[in-house]
Amino acid sequence: MIIYGASGHAKVIIDIIKLMDGHSIDFVLDDDPKVKNLLGFEVKHQLTDDMKDEKLVLAIGNNLIRHKLANKLQQGYCSALIHASAVISENVNINEGSVVMANAVINSSTVIGKHCIINSGAIVEHDVKMEDFVHISPGSTVTGNVNIGKGTQIGAGATIIPGLQIGKWVTVGAGAVVLEDIPDFAVVVGNPAKIIKFNRIEDE
Ligand SMILES: CC(=O)SCCNC(=O)CCNC(=O)[C@H](O)C(C)(C)COP(=O)(O)OP(=O)(O)OC[C@H]1O[C@@H](n2cnc3c(N)ncnc32)[C@H](O)[C@@H]1OP(=O)(O)O
């Protein structure tokens with residue numbers, strides 16, 4: 001497997017893979033030629049033809065950059081990477097390229113899109129539908145029957161109450177408490193969460 005991105009997020013993904021049976025890391029790939037090594041793994045700087053059959057994980061925390069890379073690269077992606085301590089219902093569907101960090105909980109009948117991040121200690125309750133490139137940050141809680149659009153980030157420690165519709169490319173600030181539906185591109189903060197501005201996403 002190739003880890004794309006020599007970031008802090010990549011370090012956490014390496015730790016997950018080390019605990020998974022039947023998975024091994026070939027090398028890390030990064031644009032920065034100055035970076036040669038990450039946690040003992042060689043860092044290469046280009047994808048070449050002989051690597052085209054290797055599965056890849058996009059180890060980049062920024063949702064928009066992860067999205068742009070996934071559109072650009074002609075590579076196969078690995079199935080979901082899940083930390084050994086995560087608690088996940090057997091009725092959950094987690095799509096390719098997504099990662100689930102330590103102590104996350106994902107409950108029954110939830111669907112997680114492609115290239116999503118369910119970060120450390122996050123709780124995603126039952127019947128949540130999450131589109132691609134979403135990031136649920138550490139310690140946040142998405143309660144039951146919430147829908148979350150593509151590219152949205154739920155900030156660290158935020159809470160979304162049940163049944164809400166959270167649009168695409170939304171940013172929910174750290175610690176926010178979301179009590180009503182959020183439109184596409186909105187940035188919301190506080191308790192109760194209020195819109196402070198809108199994200200500008202040109203080529204989504
Ligand atoms: C493993 C990992 O590390 S995963 C990383 C997880 N990351 C996060 O959880 C980060 C979430 N990001 C935030 O909370 C950010 O503060 C954002 C995205 C909401 C806003 O960031 P910016 O666009 O840079 O806004 P900025 O810092 O200029 O703040 C704008 C206003 O909102 C306020 N504000 C910003 N964030 C918050 C927040 N989380 N809660 C309450 N108020 C906030 C600021 O105080 C400021 O108020 P003012 O205009 O009265 O001075």
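Just so it is clear, glycine is given a Cβ too, placed from its N, Cα and C backbone atoms.
Any TrEMBL annotation is an automated prediction that lacks curation.
According to TrEMBL, Ser7, Gly8, His9 bind substrate; the candidate from Gly22, Gly40, Gly61 that the record adds to this site is Gly61. The separation of His135 (acetyl-CoA binding site) from His9 (substrate binding site), Cα to Cα, is 12 Å. Looking only at other Cβ atoms within 10 Å, the busiest spot among the recorded positions His9, His126, His135 turns out to be His135. According to its DSSP assignment, His135 (acetyl-CoA binding site) is in a strand. Same-chain residues that are not part of Ser7, Gly8, His9, Gly61 yet have a Cβ within 8 Å of the Cβ center of the substrate site turn out to be Gly5, Ala10, Lys11, Val12, Ala59, Ile60.
Each residue in the domain 'PglD N-terminal' (2-73) gets a DSSP state, and the totals come to 24 helix, 16 strand, 32 coil.
Around the Cβ of Gly8 (substrate binding site), a 10 Å sphere holds 11 further Cβ atoms from the protein chains shown.
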